[in-house]
Amino acid sequence: MAKKRRREAEGEPPPVTHVADVVTPLWTVPYAEQLEQKRLECEQVLQRLAKEIGSTNRALLPWLLTQRHKHNKACCPLEGVRPSPLQTEYRNKCEFLVGTGVDGEDNTVGCRLGRYKGGTCAVAAPFDTVHIPEATKQVVRAFQEFIRSTPYSAYDPETYEGYWKQLTVRTSRRGQAMAIAYFHPQKLSQEELAGLKTSLAQHFTEGPGKTSGVTCLYFVEEGQRKTPSQDSLPLEHVAGDRCIHEDLLGLTFRISPHAFFQVNTPAAEVLYTVIQDWAQLDAESTVLDVCCGTGTIGLALARKVKKVVGIELCQEAVEDARVNARMNELSNIEFHCGRAEDLVPSLVSRLASQQLVAILDPPRAGLHSKVILAIRRAANLKRLLYVSCNPRAAMGNFVDLCRAPSNRVKGSPFRPVKAVAVDLFPQTPHCEMLILFERVEQPNGAEALDPPTLPLSSPPPPGFPDGTTKETGPPTS
């Protein structure tokens, strides 16, 4: 009570309000206003790209000036922001920290609010946030109940003491739920760890946690102070199924613990439908799906084309993608595991005789320049769709696609034709942006365009603000 009075005296918001402001900063903004904010941000990206194209490919200036005149100084039309079919309880993957709660309670599972004056990182329960499904919250409650019944405290990232670190929950529209518990073993014996895992499994299969709906349970020992990637940590399956399944655009997808899948399934269907429409595919097309994850985009397009070739870094996701192809009886699709910069050059050469369309859906940092250079050299690749959750970070890729040929950059440039945003992250400032690029056939890129009438004079507006912390967009929790 004393802490509550002190927070109120200092003007600090209550934990419920604070956690919502941290993880969903637009939760109090009407949805129509959220969409308008995102439209303006995407328009700024296209305005900045226009300026960059003007400085890196002077041959495109006649076309570019006309575009800027038509589209409010942007390099191409922006077809608005497609809203998410769900604005609340939409996230199918959430990551929660374990720590000391804002009320001082140990082993609180939730969202970190930030660094407090005492030097600790307080955690607030996620139960009043709007973007997390109730099914996920039930798993959080059950997990928190279990870890508070154990003799093991929350891990402290400053002292490196303690045990429980994190909970990841993945859910599907089929009512399935995957829970992954992260635990620092400290100096516990193998017998003690085995007993803990048995107790955890019993809690969710026979005990009070059974009603939470967990169908798939994993345990991860994360002992390093610095881990390059949690995806590289070995998972131990302790109960239930080994994966969950999701339905998307009439297809079925297997999702393993580390595999990428868009966090908002209904909005992903909106995005993939736009990709289908814009790609202009036919029975002779070959699709190069770069950073394909579990194969969602490629599989959605496979029935319309001759062949799909997917590239993905995560081996687990590639295995899921291959299973997904078999489950959906699609035989004209192949998946390759490795870095895009290592695989794209050889695959593009191998597909030189094909009518090639590329779909690029990289992590927020964008693609290695070697990938873009290989795409530029592929003369048979005339159309490219780039999906980005952080267009500011991907701006270098956009510019390299459009810059003038040189000793380093071979092949005719591309130019942006149109763009659209899809709101995969309601209640946050973030969205996915899709830009269609087409190969320039004439040196000045001005086929069938009227002469320019406006000078190129305005400074580049800023792109998206930084702050994205996840591979697929904003913070989950």
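Each residue, glycine too, has its Cβ placed from N, Cα and C.
Between the candidates Gln190, Gln202, Gln262, Gln427, TrEMBL assigns the S-adenosyl-L-methionine site shared with Glu312, Asp361 to Gln262. Per the record's binding annotation for S-adenosyl-L-methionine, residues Gln262, Glu312, Asp361 show a top Cα-Cα distance of 15 Å. Of the chain residues outside the S-adenosyl-L-methionine site list Gln262, Glu312, Asp361, Phe260, Phe261, Cys291, Cys292, Gly293, Thr294, Thr296, Ile297, Val387 have their Cβ within 8 Å of the site's Cβ mean position. DSSP classifies Cys389 (active site, nucleophile) as coil under the three-state reduction. When secondary structure is read from DSSP and collapsed to three states, Glu312 (S-adenosyl-L-methionine binding site) falls in the strand class. Long-range Cβ contacts of Glu312 (S-adenosyl-L-methionine binding site) within its own chain (separation 6+, distance under 8 Å): Phe260, Cys291, Cys292, Gly293, Val318, Ala321, Phe335, His336, Cys337. Taking the Cα atom of each, Gln262 (S-adenosyl-L-methionine binding site) and Cys389 (active site, nucleophile) are about 11 angstrom apart.
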